[in-house]
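Comments concern the structure below.
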Amino acid sequence: MREGEIRRLLAANLLCVFSIGLTAVLPAFFWEGFTVLGTHLTWLCVCSVCVSTLNIILHLVFRPNLTPKRSSFAQKISRFLKCCIYFFMSCILFHAIIVLYGAPLIESVTETFLFAVLLSTFTTLQCLCILGPNIQAWIRVFSKNGAMSIWENSLQITTMFSILGAWFGAFPIPLDWDRPWQVWPISCSLGATFGYVAGLIIAPLWIHWNRKQLTYKSR
């Protein structure tokens with residue numbers, strides 16, 4: 001396994017971590033009264049847009065899924081439209097799952113949907129960037145020993161940490177602590193964000209530590 005590829009992965013992940021930090025600090029200079037807790041829905045939108053934009057840019061720069069087969073302009077347009085549809089479907093699916101896990105069905109619909117968009121940004125968008133709109137590839141990557149590159153290993157780790165972070169973030173909500181961050185969906189979205197950041201940092205370190213044991217089959 002090339003050390004240069006691991007360094008590229010680490011650089012890309014650290015840029016994502018840095019961008020999330022900026023979303024919590026930078027808007028306050030242009031938006032009076034902006035805080036992650038006080039204007040949480042705004043922060044959800046800012047964070048989702050910034051992380052999505054950076055992930056797409058990093059995908060175009062590093063090209064982790066570059067293949068020798070060239071595609072026509074029409075194929076690229078079709079692929080882009082499929083990715084947009086898949087992302088929207090992911091938001092709807094996450095929204096439904098969140099409601100099934102206890103989120104309000106009628107009340108706080110906007111909050112729940114924006115949280116679903118954030119989760120889709122941390123999980124589905126990365127799948128679309130690395131694997132494309134290929135369900136078979138998604139199933140392969142998230143099956144046992146299905147990763148074929150360090151980028152796919154990183155995708156597994158960040159996705160798992162993001163979902164687990166959102167799940168653990170729901171635990172404080174029913175407690176009677178009466179804290180402002182217990183309002184739906186602040187603790188869940190913060191949990192997902194912390195989980196995503198943890199995954200971004202842990203993934204390249206874990207891959208570097210286990211690089212001698214990791215072997216990838218050819219595509």
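Even glycines carry a Cβ here, placed using N, Cα and C.
TrEMBL: automatically predicted annotations, no manual curation.
Taken from TrEMBL, the feature transmembrane segment applies to 9-29, 41-62, 83-106, 112-132, 153-171, 183-209.
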Key: Long-range neighbours of the transmembrane segment (41-62), counting only residues six or more past its ends (CB under 8 A)   = 8, 12, 15-16, 19-20, 22-24, 27, 31, 34-35, 110-111, 114-115, 117-118, 121-122, 125-126, 129-130, 189, 193
Ask   = Do at least three CB pairs under 8 A connect the transmembrane segment (183-209) and the transmembrane segment (9-29), leaving out pairs fewer than 6 apart in sequence?
value = yes
Task = Select the range from 112-132, 153-171, 183-209 that forms the most Cβ-Cβ pairs under 8 Å with the transmembrane segment (83-106).
result = 112-132
